[in-house]
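Lifted from TrEMBL, the feature list:
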TRANSMEM  20-38  transmembrane segment
TRANSMEM  44-65  transmembrane segment
TRANSMEM  72-93  transmembrane segment
TRANSMEM  99-120  transmembrane segment
TRANSMEM  132-148  transmembrane segment
TRANSMEM  160-180  transmembrane segment
TRANSMEM  187-205  transmembrane segment
TRANSMEM  217-238  transmembrane segment
Amino acid sequence: MDILETDAYDKRRRRNMSCALLFSLLPFFLSSALYFYLWTPDSVPSVVSAGVKAAPTLLLAMVVLSWNGGQSVLGVAGGLIFSAVGDCCLVWPELFIHGMGAFAVAHLLYSVTFLSSRYATYSSSSSSLNRFLHLVLVIVGGAFYIYLFPFLQKTPNSDLLTPGVGIYFILITVMAALAVRTRHVATLLGSLIFMVSDASLALQVFKVLPPIEHGQIVVMVTYYLAQLLIAVGDIKAVQDKDDFSKWKRS
């Protein structure tokens, strides 16, 4: 098979993979649409509302497992499962700390995955840019926590929330910083959008801003988008690694 035939074959295979991936993501898109169609932010928390909220994230975990196999349970798929647990907890305001803990575990699993061999490490030519981006993330994350600090002190359980939110922000900042080194656009965008979603949620939960119309919709749209990009980025990373391994063997 000459170079032109190989190139055409690779393009065809990648196109078929993209179509298959899009098809496998249909349940996620449908469940997300159902969540927003049934949007009732003022309704009484229930198991049903928790299930509808967590369904898109769980379906994403199933997609990652189907593409990447059981090893992803300790990676992105596992992070998505813990995120679904967090989704359920946040339906009940009194379980906010438990939900934050579940998402913290999710960020830890994402971080471990971004350090794995399936993701390419950055080269020396891009290390300066990566260090700059890491510095920006640390500054932004730290500044946001400092800004949030006096509002955390006013919460009824400030003794738990103040250090808990601080640890959480460290974990999500580390996760985003490690996403930079992966050099996968979807992974990086997903991590950054996750930070935006959590920042929006914090501003509303801790009453930093007055009630915002459709504020929770902004949180959930950015949240689902972030999880989708992280999941797709992980699937693409595995596929790219497999392609590179085949190329080396040939």
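Heads up, residue numbers simply count up from 1 along the chain you see.
Here the Cβ of each residue, glycine as well, is placed from N, Cα and C on the backbone.
Caution: TrEMBL annotation is automatic and unverified by curators.
Segment contact is absent for the transmembrane segment (160-180) and the transmembrane segment (20-38), given fewer than three CB pairs below 8 angstroms at sequence separation of 6 or more. The transmembrane segment (44-65) and the transmembrane segment (217-238) are in contact, since at least 3 Cβ pairs between them lie under 8 Å (pairs 6 or more apart in sequence). Below 8 A, the CB atoms of the transmembrane segment (217-238) and the transmembrane segment (99-120) form 3+ pairs separated by six or more positions in the chain. The transmembrane segment (99-120) and the transmembrane segment (72-93) are in contact, since at least 3 Cβ pairs between them lie under 8 Å (pairs 6 or more apart in sequence). Remote same-chain residues near the transmembrane segment (72-93) are listed as 45-46, 49-51, 53-54, 57-58, 60-61, 64-65, 99-103, 105-110, 112-113, 116, 227, 230-231, 234 (criterion: CB distance under 8 Å, separation of at least six residues from the stretch ends).
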